[in-house]
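Engineer: Straight from TrEMBL, here's the annotation block:
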type	residues	note
ACT_SITE	C:CYS86	active site, nucleophile
ACT_SITE	C:HIS195	active site
ACT_SITE	C:GLU197	active site
Amino acid sequence: MTKVRIFVTYKPSVFDPQGDTIKKTIHALGHDEVADVQVGKFFDLTIDAQVDQVAKTVKEVAEKLLVNFNMETYTYQVMEEN
Amino acid sequence: MTKVRIFVTYKPSVFDPQGDTIKKTIHALGHDEVADVQVGKFFDLTIDAQVDQVAKTVKEVAEKLLVNFNMETYTYQVMEEN
Amino acid sequence: MKIAVIVFPGSNCDIDIYEALSSVCGADVDYVSHKQASLAGYDAVMLPGGFSYGDYLRAGAIARFAPVMKAVVKMAHAGQPVFGTCNGFQILTEAGLLPGGLKRNDSQQFICKTVPLEVVNNQTLFTSQYQEHERIALPIAHADGSYYADQATLDELEANHQVVFRYAEENPNGSLRNIAGITNRQGNVLGMMPHPERAVEAILGNTDGRRLFESLLANGSVKVEE
Amino acid sequence: MKQAMTPEEIKEKKPYLDWSLSEDEYNYISEKLLGRLPNYTETGLFSAMWSEHCSYKKSKPVLRLFPNKNARVLQGPGEGAGVVDIDDGQAVVFKAESHNHPTTVEPYQGAATGIGGILRDIFSMGARPVASLDSLHFGELDNNTTRMKVTGTVRGIGDYGNCMGIPTVAGETTFDPCYQGNVLCNAMSVGLMDQKDIQKGKAAGIGNAVMYVGAKTGRDGIHGATFASADFSDENATQRSAVQVGDPFMEKLLLEACLEVITKHPDWLVGIQDMGAAGIVSSSAEMASEGKSGMELDLDLVPQRETGMSAYEIMLSESQERMLLCVNKGHEEDVKKIFDDYDLDAVTIGRITAGHQYVLHHDGQVVCDIPVASLTDDVLEEASEEKKPARITKAEGQPAWRPQITNAEEALRRLLQQSTVADKQCLYQQYDSQVRTCTVVGPGSDAGVIRVRGTKKGLAMTTDGNGRFVYLSPKVGGKIALVEAACNIVAAGAEPLAITDCLNYGDPNDPEIFWELHQSVQGMADACRALDTPVISGNVSLYNENNGHAIHPTPMVGMVGLIKDIDRVVPSFAQHAGDHVYLIGKTADDFAGSELQKMVQGDISGALNDVDLDRIHDNLRHLLSEMQAGHVASAHDLSEGGLGVALSETLFKTDLGMDLDLRDLTAAQLFSETPGRLVVTVPEEQVAVFEKSLGDNAKHIGTVTNTHWLEAHLADAEVNQNVTELQRLWEEALPCQLKSKD
Ligand SMILES: Nc1ncnc2c1ncn2[C@@H]1O[C@H](COP(=O)(O)OP(=O)(O)O)[C@@H](O)[C@H]1O
Ligand SMILES: [Mg+2]
């Protein structure tokens, strides 16, 4: 079993109103030291495969389903393996 | 400037209908090797402070705003510092 | 002309579009299950609004894998009329039949109200009974209706007259270039966030959507030249 | 859960006290009902089933005051929802339910699952839900906690209802400090059906299957049922984590699958019930009790989302989107096939047995073996002490408060901006009010109206409740709740049919609160009789307190009316310049509990004047027949803010104005809240017959103009206001108050 975390975010060129709203609210809470906020989703997949085989699964699942390439992009990270 | 990533997930006992539906779809796509799917959100905060000072900001922002403690919990990670 | 209204798990405007076509416009319409692999015998297909698969993940993202979608793609490529409103529009973009995508509204809220629109292109199968630049008003009801595409795509859409409806006066969701509805390049696939099927009877206070269905029925499967 | 205790340990350590079962009840169960000590699981089941939430042991004596029959009622209280005949073999089904405690704790999920629960009640009767309404009461909008609760609650209702494809067509939203620590979220749903499809929550026929359908069971809301019956206090905050999460997509599938079985295969089904409070135990025991049957369930067969759940947890889980079916033996596979088609679990978890025992197996052991009736019918009803609160006696002896209005225009402008009066569009536009394309009148009028497809009929619906009135004079306040609902229904041109209710009160063990409950229900019952609108379903929510502060007693009335000809629906906005304006009903000095009093005094006080129910009923009847005859152009009832606010609202969203002669009213009376009044506009041609029919119950007060100014000449003041300006104040107030300020 391998656990991977896939991070999905808007492409940098896409305006994210949610990040903007949250930043404003954080400032309203008095935390002006927060200069920027970006929001994303992540998917933790538990995959029944060795770590060297998961890349293919991740690529297919992410590119077919989890990510909309019109506006999103992704990265991933292997979290644990056993 | 320090960049931190705050991960927000459901508490373990909380039912997540989204993860469930996504798992079913992944199986329908033929990837039965994906045994489990969990969904979460993350927030990348760029904080105008040294790394040793960000803990307080993160704690306050997360607990006041980003996390709903009725159902959610969070962790965070310092991503980079300069 | 025989029309299919696709029912996905979680569709909920299927009945609305069915009734608009059948009881109001007198068309020959069937509900067709998402599990059906073929659309043989149908001249046009409607993807209704609603929350297919709960809109979990992204609106429309899961529905595009339904068995019936292969047949929908086939019809679209064959130049037959394919129409999607609201969730139907989202599915069409996710399936790659229309460019761009629909983001969460700028307000981060679901919004249900009637908004003014401009008919930008009345030279399509679906809009021939409107005047060019005509002002109409249609209901919207969505949380993810902010149209996004990159600059090049947007320019191309405009250059090819693929923008069919634009929000007039106010932009309710943050759509780029006030886009409310677009076609594919060939003009036989139309996706739009507003709900024309909710505006076909005087008793409901609005009939501005009716001519969309009447245009479709009048044009049949006549192909619009590229 | 802690490790199970032995029956002896339970007797000794009394853990049931924490689960809200009293020592007397425990002893009665052991000695009289079982003749032995209940085991751990059984004790848990009794605690849940004997809670107020499930058993109504305290409120039952009061609920008996309600009339619940007339010629149209097909099913009164006792089933998932009530059913009323609307002719042509069709019926309307409706019920309201409170989700106050869950919404207070977790606004989004609490409100969402409230909608989910009430929808299941409707389709468990065999009806298709066609409209929803929501009645919301929050603390004052001067703090971020309230703002977040409003935002979360509205979003929760919207997300669930929108996804289900059921339009939310009306509701109400009020703000008062008494709801600060205990929000009220009441949801009502209305369904349509053919009378032949009516279902019951009944399990009978030895050998028939008990089938579980829908979502899997997890540890959600364990103890929710008993929890809802226990007072809140902030120290409890950390315990409240078993949040029930709604899955509207699952419920949409469940709705379609259940209706398919009910309408297409009536011969397969014996009964069906939704799993609400106290999950499997309450649905199964109630169904067995209704069918006078025994039942045996194997809990290992229950679809489970989590591992290691105890019998107690499985039985009491409040996981959402589940239903229980009793299926004729031999049709289990048929039913399963239909649910399979929707990708839903459908599992036979037990059978109907001879005798009257309720038997549960878990992990190879019998964990419960008790008479069915001991859970459902043998609950000890509780007589409650009552005491008239001193504040009421005192108020009755004092002279009524008389406002001094020096600037009527300013008072009107300020009233329009009070959060309870202000435009609610920024909230209700988050609800899909048009899906199903039957909404003839959506939110923003007096009642929501939907058409009945394929007929000329329509249904009007409203929710109304005013805790301030009930707090000051419970009995009169109870009457006013009914009168207001009836006025809203009639304003749409509909004939009131029947009501549902949610009775929201504080701790009934407080004799003063019980007195309020009793008195207000008596007032409601009197009004139900006078208006011929029986109570066909409802819900009781007690213990609405926070740190010992009770909410105002707030009974919510949900009323449905029938429109025979949908083309005769009457709008609430003025239609044409030149029409004549009438005020129906007499205006008196009714300022106790008014919006004006709250605004000027910062608080409410005084005693209410009684209302003449027969007179109001008579007025409404005559008005309705004029409306049905097509003689009335618009009608709007008067509520918070009185005549001044109602006149303004009649002109909003039009380009019209009014010129009014109100010289027999004072400036203050412009804002009096005498119940049972409406403003109507009548075209010139209909004036003669209208006046003849209404007699001196309708007073001609002026005409509709095309200037967009509201001009009124009062005994001691002049009002001359631009309607665009008034509308702007009214529209901008709530969005502005909802913006975070600290
Ligand atoms: N929470 C809500 N959901 C839906 N509609 C609402 C809600 N709150 C208020 N409304 C709508 O706003 C309008 C004004 O409400 P209200 O002042 O309570 O009306 P009335 O005084 O006539 O009963 C009504 O049309 C009502 O349906
Ligand atoms: Mg009203």
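Glycine is no exception: its Cβ is also placed from the backbone N, Cα and C atoms.
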Engineer: 10 Å Cβ neighbour count around the residue listed as 'active site, nucleophile'?
Structural biologist: 31
Engineer: Please list, in sequence order, the residues in the chain of C:GLU197 (active site) that are at least six apart in sequence and whose C-beta is under 8 Å away from its C-beta.
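Structural biologist: Listed in sequence order, they are C:CYS13, C:ASP16, C:ILE17, C:GLU19, C:ALA20, C:LEU21, C:PRO48, C:THR85, C:GLY209, C:PHE213.
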Engineer: Please report the number of other Cβ atoms within 10 Å of the Cβ of C:HIS195 (active site).
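Structural biologist: I get 29 for this one.
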Engineer: How many whole Å apart are the CA atoms of C:HIS195 (active site) and C:CYS86 (active site, nucleophile)?
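Structural biologist: So the Cα of C:CYS86 (active site, nucleophile) lies 7 Å away from that of C:HIS195 (active site).
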